[in-house]
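Per TrEMBL, the feature active site, proton donor maps to 113. Feature annotation from TrEMBL assigns N(1)-(5-phospho-beta-D-ribosyl)glycinamide binding site to 12, 13, 14. The (6R)-10-formyltetrahydrofolate binding site annotation in TrEMBL covers 69, 94, 95, 96, 97, 111. TrEMBL lists 2-186 with the feature domain 'Formyl transferase N-terminal'. Among the features that TrEMBL reports, site 'Raises pKa of active site His' is placed at 149.
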Ligand code: GAR
């Protein structure tokens with residue numbers, strides 16, 4: 001049985017989708033813990049109500065600056081490792097991570113980012129996609145490396161950008177696909193279905209890695 005630790009910062013709807021998919025059975029894995037950097041993250045209540053261990057490592061207690069970032073990541077790593085994780089899942093975890101932290105979880109940490117990477121790393125991805133006149137937009141699940149919003153891409157979800165779309169309409173359409181894509185990818189990982197070859201990740205059984 002593999003241990004999955006999920007990191008959130010807020011609403012936690014992707015975490016919910018993963019918890020529900022795992023709870024439906026058939027996974028060789030369990031959700032060992034949900035951890036937030038914000039004590040008021042709404043998703044914590046959902047995790048608790050499902051009998052999942054939760055923890056908070058409040059980044060604000062560490063102050064600002066590079067040394068605070070390193071100290072926060074060290075404490076976060078200590079708490080995560082207390083749950084003996086096989087996989088760490090970033091699900092709306094809004095922190096820039098230090099290279100030491102990402103190296104520690106190399107090959108066993110996934111992130112979902114709301115754009116078709118490598119386009120639109122960082123924030124306000126949907127607004128920027130609309131402003132750039134994109135005809136498609138989406139989300140990406142990738143392995144986490146030291147560089148923000150980079151790393152081998154496991155799956156992408158693609159939606160059309162419709163005339164009249166605002167940021168919120170586009171975000172809603174993409175989020176619905178994130179909720180299908182991310183649980184699928186997490187399941188593939190715990191079932192050892194993913195083969196990583198440099199930047200390229202292949203599902204050994206040929207499952208489609210594009211969602212639409
Ligand atoms: C999701 O749309 C996710 O792609 C995005 O935050 C949202 C979290 O929603 N992640 C990032 O922007 C990471 N850079 P959720 O808390 O309801 O899952």
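Don't overthink the numbers, they just go from 1 along the chain as shown.
Placed from the backbone N, Cα and C atoms, the Cβ positions cover glycine too.
Remember, it's a predicted structure, so these values are computed and weren't measured experimentally.
Cβ atoms within 8 Å of the centroid of the Cβ atoms of 12, 13, 14 (the N(1)-(5-phospho-beta-D-ribosyl)glycinamide site) belong to the same-chain residues 8, 11, 15, 16, 17, 43, 91, 92, 179, site residues excluded. Contact annotation for recorded positions (12, 13, 14, 69, 96, 113) versus ligand 1: 12, 13, 14, 113, each with CB under 6 Å from a ligand atom. Mean model confidence of the domain 'Formyl transferase N-terminal' (2-186) amounts to 98 (pLDDT, 0 to 100 scale).
Put simply, of the binding-site residues 69, 94, 95, the one whose Cα is nearest the Cα of residue 12 (N(1)-(5-phospho-beta-D-ribosyl)glycinamide binding site) is 94. Ranking the binding-site residues 94, 96, 97 by the number of CB atoms within 10 A of their own CB puts 97 at the top.
Of all the binding-site residues listed (13, 111), 111 sits in the most crowded Cβ setting, with the most other Cβ atoms within 10 Å.
Cα-Cα distances to the residue listed as 'active site, proton donor' place none of the binding-site residues 13, 14, 69, 95, 96, 97 within 10 Å. When the binding-site residues 13, 14, 69, 94, 95, 111 are screened for a C-alpha within 10 angstroms of the C-alpha of residue 149 (site 'Raises pKa of active site His'), the residues that qualify, in sequence order, are 111.
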